[in-house]
Amino acid sequence: MKAPRLTDTTLRDGSHPMRHQFTREQVAKIVQALDRAGVPVIEVSHGDGLAGSSLQYGFSHTSEFDLIETARSYAERAKIAALMLPGIGTRQELKEAVARGIQVVRIATQCTEADISEQHFGLAKELGLETVGFLMMAHMRPPEALVEQAKLMESYGADCVYIVDSAGAMLPHDAAARVRALKEALSVQVGFHAHNNLGLGIGNTLAALEAGADQIDGCLRGLGAGAGNAATELLAAVLDRLGLNPGLDVFGLMDAAEYIVAPIMPFQPFPDRDAITIGYAGVYSTFLLHAKRAGEQYGIDPREILVELGRRQAVAGQEDWIIDVALDLSRRRGAGTRKEAHG
């Protein structure tokens, strides 16, 4: 293993549990602490990326461009990054983000849809940005299929391609196999982004590092979607124990998590019943509320609905499947009850 580059995404992935309510003052304090602690890249944007502030994804308290501008003004050494999802963010938002101070853009697609990112990588390169590709929900496809998608991003200009465990569904061998496959096939760097739904955020990140990952992600206090991400301060401590500290101030990150982030958190993300179900089923956390409503309507345990959605490999945008699945399960249960009655 080698010392990785760490990107802290408290101010992006952490925007989900914060309901996108970060303020300039909060961003200033967090960026200043991360920068002083030696974190080389800090991601700042709406949880769903540039232009995510909307009725569908949740409105931001403060414009993400204002937050980016604040972050850049307080970062003396760290680079400022933003997330961009094709279909949400456009050329206009990317250009504005550059004008406000981002130096890195992370372009995210479903792990089967890298081909929709070509224009986004092209523009990012024209604008002089470092570019990172995100293959989301990467647990859903085998390593060889992910290699094909990663090669597309590499050909479009990605400087690094990430395996992203969006649902927190991977086990350590899953993370290692996917990272190893990309390392063997690509000439650019490979990264890994963990979620903690099965309690494996740190473990999966270590497995990815053992497989050769060059870049990893974390959030202070684990503040991220679902059960949260690998905690930045924990990653720093573990890397230091392994002799792989890339220049991080372990105590400084512990203090930032404890005294700056913890007091503003609406709750502590952890693997509760709902989060575990998301990781176990391997589906997006956005399905959870819809599954609960459908379960109540049709008398089905929402966990059964989510597991079936995972079996069918439903992805974001296919929320309409939830009612169909609930109906199917209800009919099967009804048929089973009738058989018992006639038996």
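Cβ atoms are placed via backbone N, Cα and C, with glycine included.
Taken from Swiss-Prot as is:
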ACT_SITE  HIS16  active site, proton acceptor
BINDING   ARG12, ASP13, SER166, HIS193, TYR284  substrate binding site
BINDING   ASP13, HIS193, HIS195  Mn(2+) binding site
DOMAIN    4-254  domain 'Pyruvate carboxyltransferase'
SITE      ARG12  site 'Transition state stabilizer'
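Structural mapping of features recorded in Swiss-Prot.
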residue : record                 : DSSP class
ARG12   : substrate binding site : coil
SER166  : substrate binding site : coil
HIS193  : substrate binding site : strand
TYR284  : substrate binding site : coil
Cβ neighbour count (within 10 Å, all chains shown) around HIS16 (active site, proton acceptor): 21
SER166 (substrate binding site) versus HIS195 (Mn(2+) binding site) - Cα distance in angstrom: 6
Rounded to the nearest Å - Cα separation of SER166 (substrate binding site) and the residue listed as 'active site, proton acceptor': 13
Cα-Cα distance linking the residue listed as 'active site, proton acceptor' and HIS193 (substrate binding site), given in Å to the nearest integer: 16
Neighbours of ASP13, HIS193, HIS195 excl. site residues, C-beta within 8 Å of centre, Mn(2+): THR9, VAL164, ASP165, SER166, GLY168, ALA194, ASP217, CYS219, GLY224, ALA225, ASN229, ALA230
Around the Cβ of HIS193 (substrate binding site), the count of other Cβ atoms that are within 10 Å: 30
Close in space, distant in sequence - ASP13 (substrate binding site), Cβ under 8 Å, 6 or more apart: GLU43, GLY47, ASP217, CYS219, LEU223, GLY224, ALA225, ASN229
Average model confidence [pLDDT] within the domain 'Pyruvate carboxyltransferase' (4-254): 97
Neighbour tally for HIS195 (Mn(2+) binding site), based on other Cβ positions within 10 Å of its Cβ: 32
